[in-house]
Amino acid sequence: MGNLIWHEYSRFVSITASVYAVWASFFGLIYRKFFWDFVGGTLRDPGGIQPAPGAALFITLIVKAPVVPIISMVLGMAILAIELPAPMVKQLSIYRSLPLRVILLLFQVFFTILFYQGTNAAIWSLIAAGCYIRAISLGEVMEEAKANRGKGGEV
Amino acid sequence: MGESWFQREFLVPRRLAFNVLFYGSHIALFAYGWYSQQTNQRLAGLNSLKFSVWTSRGAGLVLAYDGGLILVPMLRNIIRVVRPKLSWLFPADENIWFHRQVAYSMAFWAMVHTTAHYVNFINVERTQIRKQTALQIHYTQPGGITGHFMLLIMMVMYTTAHHKIRKQCFEAFWYTHHLAFFFMLGLYTHATGCFVRDSVDPDYIATFPFYSTEHCIGYLSWRFTIWPGIIYFGERIWREIRARKATRLSKVLVHPSGAMELRIAKPSFKYVAGQWLFIQIPELSRYQWHPFTITSAPEDPYVSVHIRQVGDWTRGLGERLGVGPNVVASMTQAAMKGAEKDEKSGLLRGDFVELDQSAVSITLPQVRIDGPYGAPAEDVFNCEVAVLIGAGIGVTPFASILKHIWFMQKRGKLGSLRRVEFFWICRDAPSFGWFQSLLHQVEAAQADPNFLRINIYLTQKIGEDMLWNLAVNDPGADYDPLTLLRSRTMFGRPNWKDVYARMKQAIEGGQYLPGSSSQLKTRVATYFCGPGVLAKSIKQACDYHTGSNVEFSFAKEHF
């Protein structure tokens, strides 16, 4: 009955997920843990799970140097800059691209799923990406904002 | 609107009181939750986790409080019963606003609580104070599972509740908001995993609540927060039962201006003027309830609502009744052009067409109604002067109130009400033909010319046709050519400060209410229904002119 405009809805999910991702990545810098370390890992008391040797690459990128949380934080901020949108991004035509959002969100899923705090951000980003895909498949496009909508007195 | 955030939140006494009580109670509970965890000797094991566990327990207690509060403003029937007695204490009509404030607070504390638990569980894993991994606590224990599910449900509910989405697709909001059922279940069972305990393993027992409170020493907050949930659930069932009571759609009238009037007979339905109801037509949609203002007076033998075909559902109803948008559009066009002068059609603008079941091969659909629910305009008879202001479609609740006043006037039971000022601001008056016919009726019945004054403001740009109509028909005529009322239509928007200033002057001068003694304070109550911006300027005018002799109060209706 009602007419849901999917990309407008997806924007809210995407904002929520990205805020979560930024906040999770921040804690990922302090409490560093590879989410999938239980695969083949052994539990040591005290010390927690010792990951399997095969996961050495991820341990390097998440625990030894928090590269993955940093990337996902930057990515989350980039998505927020597009979605909210930041004034300078608003002027670019790429800002209105829905496929770009899907790609960025899928990258966000990939990075946030890797570390301990990012799971929910990953699931929600996946939902947001799914809604954007639905919007694209329905042929929705973002309209260009009308010019001269600025505050009174501005040209 | 020219006032800063600080002025709005802290310099308005009521708002200040709310902020202090609401946020104060949250912070106090957080502090208590923190303190009671930190000083509990039995929980020394958990306390080795330090700040994170203190924070999570404090925030957990606050969330329990919010979980208890979130449903309270939605107890519509209880609010309707208590609001006449308690309207001085809290603004009962701002229930949705309060619901939103609780929700915002809940989102914030959920963030605090979840963040703290992420730290807790990683530290449990590292120190092995319990022989578990972080992910086991997150994804295999009741606390973790319900917590993650509640977060997901919150995300879906909050995003679809955004006003933009609600306007686009009310169904998306309506259906997803019913996830609240699962959310509340999650909330009540969140502590069943016995995370807060002084024993090594959770102390489960075979009887309800399936964990022993000897060793599981959480706040047991579900014992308190479950009551609003139970009452709300009961209320929903009661609404369902009430909606199933005998209801019959007795008549459908179509007004040339395009409004459909449904007259519904339901003997068990009691209401007062100015209230509203939910209506459901199972044939169109089995689950949707749509709010409408009641336009009949309590004295009428039926309940009526006026419906304009503007949305999907209302258009669907029009189609179902055989008066689809096309039929009505032509009628509206005719009405807009002033077709009341057209003798061939034989229809006066105030007239309506009754859908005759035998003539038109249409059966009337089954309807169900749920209500009534409160609105501030119930209190009209407690003041000396009532100022009723309707803007656009917001005029509908006043149909019921004016009719009701008219009935009461006939019986001589007006209470303290001495005068009624009615303002109607609209863009195109002719499209509200049905309302004009009602005004016409009420105006014609006035014995005292001073009791009811009707002020109509037309804000639309005047076309050439209308100009000529006015020029030819207006001077010297008894009735206004546009509305066919004795009161003249005014053009443009009213200047509220000026309107109230003149009213105040007249009251203080003693000409307005003859015989009113000047020692007594005259109460002038304004009831407004329409857009928020207008509400603000009227409220400002009310506050500005309230003095020692005259008290202007202001109440606004919500849709």
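A Cβ is built for glycine as well, from the same backbone N, Cα and C atoms used for every other residue.
If you look up TrEMBL, you'll see A:1-140 marked as domain 'DUF7727'.
Sequence annotations record features per position, and here TrEMBL assigns transmembrane segment to A:12-35 (among others).
Sequence-distant contacts of the transmembrane segment (A:55-86), counting only residues of its own chain at least 6 positions beyond either end whose CB sits under 8 Å from a CB of the stretch, comprise 11, 14-15, 18-19, 21-22, 24-26, 28-29, 32-34, 36-37, 39-41, 95, 100-101, 104-105, 107-108, 111-112, 114-115, 118, 121. Positions annotated as transmembrane segment by TrEMBL: A:55-86 (among others).
Sequence-distant neighbours of the transmembrane segment (A:98-116) (same chain, 6+ residues past either end, Cβ-Cβ under 8 Å): 7, 10, 14, 17-18, 21, 24-25, 28, 31-36, 58, 62, 68-69, 71-72, 75-76, 78-79, 82-83, 122, 125-126, 128-129, 132-133, 135-136, 140-142. As annotated by TrEMBL, transmembrane segment applies to A:98-116 (among others).
Under the heading transmembrane segment, TrEMBL lists A:122-141 (among others).
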DSSP helix/strand/coil residue counts for the domain 'DUF7727' (A:1-140): 103 helix, 8 strand, 29 coil
Overall pLDDT for the domain 'DUF7727' (A:1-140), taken as the rounded mean: 92
